[in-house]
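Notes follow once the structure below has been shown.
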Amino acid sequence: AASYYCNKLGFEELAYRGLETGSREVVSHVIKQDKIVFVLSSALNPGNEEMGEHLVKHGDGVKDVAFEVEDCDFIVQKAKERGAVVVKEPWVEEDKFGKVKFAVIQTYGDTTHTLIEKLNYKGLFLPGYHPPLFKDPTLPKLPSGKLNFVDHVVGNQPDLQMVPVADWYQKNLLFHRFWSVDDKQLHTEFSALRSIVVTNYEETIKMPINEPALGKRKSQIQEYIDYYGGAGVQHIALNTSDIISAITNLKQRGLQFMDVPSSYYQMLRERLKTAKIKVKESIDKLEELKILVDFDEKGYLLQIFTKPVQDRPTVFLEVIQRHNHQGFGAGNFKSLFEAIEIDQDARGNLTILEPNG
């Protein structure tokens with residue numbers, strides 16, 4: 001999995017923890033691109049029930065969304081007082097480079113948030129991690145991924161769980177609502193969704209929370225819930241300052257993206273004729289690369305979605321570039337849904353909903 005992200009998305013190996021470093025139960029590969037860090041972990045022994053059960057139920061997925069914090073103890077204490085489930089109370093790990101305090105709290109489904117407080121830590125990544133054992137000599141020869149930071153992380157919920165989850169973030173982590181849309185705005189002929197985006201005080205972490213709304217057929221949110229086995233992270237959006245170069249390079253690397261019909265760009269050209277904003281990028285180039293555009297009177301964003309990055313139709317990635325636009329592509333949800341529904345139909349999952357689901 002680590003080599004997939006390095007080869008297809010332009011990540012580089014940052015750190016490693018495994019048998020060679022004294023970790024007897026779990027092996028972890030840490031990969032990085034600019035400010036984006038993913039940790040890919042596997043069980044080393046046959047009897048690892050926690051990881052084994054998670055993989056059998058969910059397949060490959062996002063187990064944990066970690067937050068770097070300034071005061072781990074305070075956040076855990078306040079979250080506990082408000083009723084949050086603390087999976088692991090704060091603990092400290094150290095090596096010759098310093099100390100780091102951690103804690104783990106439960107969020108939606110089987111997903112967790114690890115809180116990381118670096119206590120003057122000067123090491124490569126975190127205590128216990130070593131430099132990678134192997135640096136792939138082909139990676140520097142490939143075109144740059146040009147991805148800069150995590151823009152947002154989207155969580156899919158079963159029906160009627162969106163509001164309780166959004167409320168959980170507001171109550172336990174003191175997040176606030178940033179943006180929301182309902183199924184009157186986000187629907188296709190067959191399916192619909194509702195979404196609330198919550199964010200921290202500084203608005204540096206954005207977590208859209210989705211749920212399926214009743215439509216004529218099974219929505220792609222419901223398809224995710226069915227295959228993931230409940231609530232979980234649907235996609236991770238990665239921000240770039242040059243989406244045209246990024247997608248040109250990622251396509252050259254062999255990363256697969258969702259298709260967009262040419263009719264989308266015909267409609268886009270018509271809509272832009274009367275818009276107050278001007279898109280700097282060539283629409284022909286955006287059409288060639290199948291990049292979506294959403295805009296309002298102040299600005300616009302450019303976005304594109306990968307196909308699922310594992311065999312189950314669950315987690316995928318997004319690449320996004322913002323031009324004075326802080327939305328989440330509501331204007332593209334219909335086009336995106338229709339593109340996903342074509343893939344969903346090919347998988348035999350765009351099924352008619354019975355009253356009992």
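Placed from the backbone N, Cα and C atoms, the Cβ positions cover glycine too.
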- Query: Per TrEMBL, which one of His58, His113, His176, His235 shares the Fe cation site with His152, Glu318?
  - Reply: His235
- Message: I'm validating the feature mapping. Which of 181-208, 237-264, 265-292 is tagged coiled coil in TrEMBL?
- Response: 265-292
- Contact set of the coiled coil (265-292) with the rest of its chain, CB cutoff 8 A exclusive, min separation 6+ beyond the ends, reads 243-244, 247-248, 251, 257-259, 298-300, 302-304, 323, 329, 332, 335-336
- Message: By the count of other Cβ atoms within 10 Å, pick out the sparsest of the binding-site residues His152, His235.
- Response: His152
- Message: Other residues near the Fe cation site, CB within 8 A of the CB centroid of His152, His235, Glu318?
- Response: Asp151, Val153, Val154, Pro208, Gln234, Ile236, Ala237, Leu238, Phe305, Leu317, Ile320
- Within the same chain, the residues at least 6 apart in sequence whose Cβ is under 8 angstroms from that of Glu318 (Fe cation binding site) are Asp151, His235, Ile236, Ala237, Leu238, Gln303, Ile304, Phe305, Thr306
